[in-house]
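According to Swiss-Prot, the features are:
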DOMAIN    3-65  domain 'TGS'
REGION    248-548  region 'Catalytic'
BINDING   Cys349, His400, His525  Zn(2+) binding site
Amino acid sequence: MSDLVKVTLPDGSQKEAPRGTPVIDFVKGQIGPGLAKAAYFARLDGEPVDLSRAIERDARLEIVTTRNPEALEVARHDAAHVMASVVQKLYPGTQVTIGPAIEDGFYYDFARETPFTPEDLERIEKATNEAIKADLPFVRSEISMEAALALFEGMGERYKVEIVKDIAAKGAKTLTLYKHGDWVDFCLGPHGPSTGRIGVVKLLNVAGAYWRGDAKNAMLQRIYGTAFFDKKELDAHLAKLEEVKKRDHRRLGPQLGLFTFHEFAPGAPFWLPAGTVLYNVLEDAMRRLVLKNGYQEVKTPLLFNKRLWETSGHWGKYRENMFLVVDSESDPALPLEDRCSFSLKPMNCPSHHLIYRMDKRSYRELPVRYFTTDALHRNEASGSLGGLTRVRQFEQDDAHIYLREEQVTDEVLRIFELMKVVYGAFGLGFEATFSTRPEQRIGDDALWDRAEALLRKSLDATGLKWTLNAGDGAFYGPKIDMLVTDSLGRKWQTCTIQLDYAAPERFDLTFVGEDNKEHRPVVIHRAIYGSFERFVAILVEHYAGAFPAWLAPVQARVVTVSDRFEAWAREAGEALQARGWRVEVDASSDKLGAKIRNAQLAKIPFTLVVGEKEVEAKGVSPRRHGGEDLKTMPLETFAELMAREATAPF
C-alpha cells in the first residue's frame, strides 16, 4: 500500500498527501492558509467530517467555510454542546438528554426539578459566551458500546444511558464521543475545530418538552437559542424575531376579530365574523378556479364505519390519529376499542374513491377530478397544538384525480399552473421537495418504484428546482410538497401532490380502456392551500394582518367628519355595498382623527373621509392603509378603483 493518498478537489484537480494527514494540515500545506482559516468542517467522499479527521484513503475533499450556511448549522450544534456543559456546571444534578441544531438555532433538553427562570437564562447565556471565548478544542473519539454504557452509567446520566441502549439494540458496535474541556457527549458530528469559532450565542426562551415527544414520559425543560458567526448577523436575526412576534397570527387573529379558541374545543378554531369573511373569500376563490379547470365539487359524510378505513389502510396505519366513535349498538361488555366501529374522517380520499366506484368508467372520461372542502378531524397530541398551524379540526382545498398512468405528467403540470396562479396572487415564493417511501407503508416495493419514478419524472417536467426528502412520503404513495416563502423569508409547507397506486387496488377502481378491457387508474391526491386554517395563519403573518383589498374582511370604512354628514356617508356606503364591496360606516361621535386611527388599527385597506366638500362633490376622500391620502374623487371613480384593486385575482 502506498504511503501517499490522492485527494480530489471540487475543481477536479488532484493533490497527494501522506496517508493519515489531518484535513486541516492538508489544507494549510496544499491549498493555503486563507482557506484553512475560513474552514469549519469538511466532506470526504461526501461524508461530513471534522477538520481533524485523518485522510486514510484516496478521496474527494470539499472544505465547508463559514460563508456556507451549513457551517452555521454545525456551529449551532457546537453551541448546544457548550450551553449544556455550562448548565451542568452552574446547576449540578441537571441531567442532559438531546441537543440538536434546528432551523435558525438550536435547543437542548434538560431534566431538572426546578424550572429555569429568565434570570437563569441570562446567567447561562453569559457563561456560554465566556466558555466560547475559552477556545477549547472539540476532540472526537470512538469507544465500544460497552464502554459508552459504563461511561454514562458512571456519570449518572440515565437519559443518555437509555439512548445508548437503544443504539446498541440496533446493532451498533461503537459510539462517537465529542469532548471539549472536561465535558463529553455522544454525537455523530461533525463539530467545528474549537469553541472559539462558534461566534456569539443568544438564548431565546425555555419551553416544556416531553422526553422523546411522548406525553407519558417525563416533562423536560427545553432551552432554545441561536448562534451567529457575526454579531451584526445576530442583531439582524433578533430584529426579525421581534417582527415575527408582532405578526404572530395567534396575537393578530383575535386582535383583528378573525378567530379564537376555547378550552371546550381544543384544537378547533372558532371563526369570528371577520375571519369567516376571510375564510369564505379564500374558499370561493379556490372554488371558482378549480370549477373552471375541470373539477367537480362533491361532499361526503363526516362519519364512516371502520370497514372503509380497513379497506383504505388507515385503520392499521393511521388509527392513533383518528377520532373513534363508539357504536351505540355494540356489546357494552367488549373492550372500548372493540366497540369503536366508527370514526370521524381524517381524510377525504377513501370517500371519493367510493364515489368514483359508483359508476362504470371509460378511458374517455379520464381524468375525473373531485374537489371538496369538507371538514376533517385528526387526533393531534394536545402538546403539538398551536394556533391555526396545528389543529384537530380543519378543511382543505382537497382534490382527488383519477387518470391513466400516461396522463400523470400532464396533470401534474396542470396542478403546477394552478399553484402558480394562487401563490402569485399572494406574492408567495415557492420551492418543491420530493418525498419518497416511508418505513410504514402499504403496497410492495415494485409499486413504489413505479410510483416514485413517475412522480419524479413529472416533477422534472415542471422545470422547478427540488430537493429530496427521503422517507417522508405518505403511507400510500410518494409526494411532492411545496414550501412557500413569506415576506419574512420563512418557509411554510402548503401544497401537496401525492401519487397513489395502492388505493385503486384496495378499492377495486377500474376504467374500461380502448381495448374494451378493465384497467386500474392512478390516483393523484392534491391540495394547493393545504389546510385553510394553516394558510390563513401564513397569510396573517405574511401581510401582518394588512390584507390586500380583495381579501380584507372589510374593504373600506366610511368615516364622517361630523354627524352633519352622516346621511351621505350612509348613502355612499350602501351604494358601494350594492356593488358587492364589503363596506362599513363609522358615524360615531368620535373625532375624525380617532375614527381614522381606529380604521388603521383594524388594517382596513381604504378609509373614506366624508365631510362638507365630499357631500358637495357626491364623493369621498380615500386614505389607504399605511397613510397615503388620495385626492377627493366622485364615488363612481372610487368604485372603479375598487373594481381594479379589490376584485379577486382568481
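The first residue you see is number 1, and the count goes up from there.
The backbone N, Cα and C atoms fix where each Cβ goes, and this holds for glycine too.
Structural mapping of features recorded in Swiss-Prot.
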residue : record              : Cβ within 10 Å
Cys349  : Zn(2+) binding site : 21
His400  : Zn(2+) binding site : 27
His525  : Zn(2+) binding site : 22
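Under the three-state DSSP scheme, His525 (Zn(2+) binding site) falls in the strand class. Restricting the average to the domain 'TGS' (3-65) gives a pLDDT of 95. Surrounding the centroid of the Cβ atoms of Cys349, His400, His525, where the record places Zn(2+), the chain contributes additional residues within 8 Å, namely Met347, Asn348, His352, His353, Asp398, Ala399, Ile401, Gln498, Asp500, Ala503, Val523, Ile524, Arg526. DSSP gives His400 (Zn(2+) binding site) a strand state. DSSP assigns Cys349 (Zn(2+) binding site) to a helix.
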